[in-house]
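Asks: Attaching a single structure in structure tokens format; questions to follow.
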Amino acid sequence: MDSNTVSSFQVDCFLWHVRKQVVDQKLGDAPFLDRLRRDQKSLRGRGSTLGLNIEAATHVGKQIVERILKEESDEALKMTMASTPASRYLTDMTIEELSRDWFMLMPKQKVEGPLCIRIDQAIMDKNIMLKANFSVIFDRLETLILLRAFTEEGAIVGEISPLPSLPGHTIEDVKNAIGVLIGGLEWNDNTVRVSKTLQRFAWGSSNENGRPPLTPKQKRKMARTARSKVRRDKMAD
């Protein structure tokens with residue numbers, strides 16, 4: 001096992017503990033609390049994958065951080081903070097929408113890279129909006145916290161979430177997963193739109209019809225799907 005992987009996990013565990021203390025003292029806002037909950041799941045997954053105890057890792061992480069802070073001068077800290085770009089946290093969903101439990105009548109789950117896609121295949125002929133909470137840096141999507149698909153009535157019918165055991169994903173991973181989710185929902189004649197905020201920071205533009213640009217691979221897949229649907233309809237007639 002790579003030593004840097006272990007030390008990174010140990011430091012992340014300690015920093016999560018510090019952030020938890022901030023929340024316990026009622027000093028964190030809603031996005032801060034949201035990230036804390038998501039990171040807790042991620043740390044549990046990483047701990048299981050690495051075979052490391054989180055409590056023990058937290059103590060070692062504390063020692064690493066204390067050693068670094070002892071060696072760090074105030075001037076160096078100021079320079080580091082000034083040169084580090086700050087990320088922003090954007091929310092399409094409310095805390096209630098983000099934390100609400102939901103279930104699927106006809107569940108389908110697919111893993112696309114480091115992201116997990118869940119779709120309720122029982123949903124048909126609905127207008128669906130994709131909303132997401134995510135962080136942005138340099139005006140581009142940095143990290144997806146959670147994406148959910150909502151009907152006009154407010155029901156959750158799909159979801160994209162990071163896999164706790166595979167931390168880290170790219171903007172292309174997110175766009176590919178969204179393409180898979182859209183394709184799965186449109187298979188049952190649903191009309192899917194993507195929020196303008198998500199379009200802007202994932203694709204760099206927003207369309208009035210709510211549809212992001214498709215990659216050549218996604219276009220070919222949708223064409224095959226359409227041909228298959230036409231053949232099924234003809235056989236039914």
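Going from the start of the chain as shown, residues are counted 1 onward.
Placement of Cβ uses the backbone N, Cα and C atoms for every residue, glycine included.
The compositional bias 'Basic residues' feature in Swiss-Prot is assigned to 217-237. The region 'RNA-binding and homodimerization' annotation in Swiss-Prot covers 1-73 and rests on sequence analysis. Sequence annotations record features per position, and here Swiss-Prot assigns region 'CPSF4-binding' to 180-215 based on sequence analysis. According to Swiss-Prot, the feature region 'Disordered' maps to 205-237. Sequence annotations record features per position, and here Swiss-Prot assigns region 'PABPN1-binding' to 223-230. Per Swiss-Prot, motif 'Nuclear localization signal' is recorded for 34-38, and the stated evidence type is sequence analysis. Feature annotation from Swiss-Prot assigns motif 'Nuclear export signal' to 137-146; the stated evidence is sequence analysis.
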Asks: Could you tell me how many residues in the motif 'Nuclear localization signal' (34-38) are helical, how many are strand and how many are coil under DSSP?
Replies: 5 helix, 0 strand, 0 coil
Asks: Counting by DSSP secondary structure, give me helix, strand and coil numbers for the motif 'Nuclear export signal' (137-146).
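Replies: Taking the motif 'Nuclear export signal' (137-146) as a whole: 0 helix, 8 strand, 2 coil.
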